[in-house]
Amino acid sequence: MKSFVLATCLLGFAQIIYADNKELKIIRKDVAECLRTLPKCGNQPDDPLARVDVWHCAMAKRGVYDNPDPAVIKERSMKMCTKIITDPANVENCKKVASRCVDRETQGPKSNRQKAVNIIGCALRAGVAETTVLARKK
């Protein structure tokens, strides 16, 4: 019985890791595709993970900003934190930053695209991109 429980736990753990790796591959592919298709302006950083336009493109492909409701954007942003960051402390920091940025940047009369760009810029200024798995595997 103990062996069965252990095998079941290991199988569940392997499925979680596989799903996370699959999601990361998709996000990496989205970032690479966005980097290829978006023009780089002269004043933009060389690091693609420091570019707001690349993150906006990749997150838009994942549907993070499809719904203009701030609560939905916050929920989807927090889910994205768990997909692109593995360290639990950094995940919690990412969630706090995402919540703060969504709350701040969704105030006032701006287009949904501008709100999304502002949210990403806020998160990048807070250093979230440096804690992602993507930053470690450039």
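A Cβ is built for glycine as well, from the same backbone N, Cα and C atoms used for every other residue.
In the structure as shown, the Cβ atom of C57 (disulfide bond) sits within 10 Å of 18 other Cβ atoms. The disulfide bond feature in Swiss-Prot is assigned to C34-C57 (among others).
Proximity of C81 (disulfide bond) to non-local residues of its own chain (separation of 6 or more, Cβ distance below 8 Å) is seen for V91, C94, K95, A98, V128, given in sequence order. Per Swiss-Prot, the feature disulfide bond maps to C81-C94 (among others); the stated evidence is experimental evidence.
Residues or ranges marked as disulfide bond by Swiss-Prot: C101-C122 (among others). Under the DSSP three-state reduction, C101 (disulfide bond) is assigned to helix.
What Swiss-Prot records for 1-19 is signal peptide, and it gives experimental evidence as the kind of evidence.
DSSP assigns C81 (disulfide bond) to a helical segment in the three-state reduction. Less than 8 angstroms from the CB of C34 (disulfide bond) sit D53, V54, C57, A58, K61, each of them six or more residues away in the same chain.
Less than 8 angstroms from the CB of C122 (disulfide bond) sit V97, R100, C101, R104, E105, each of them six or more residues away in the same chain.
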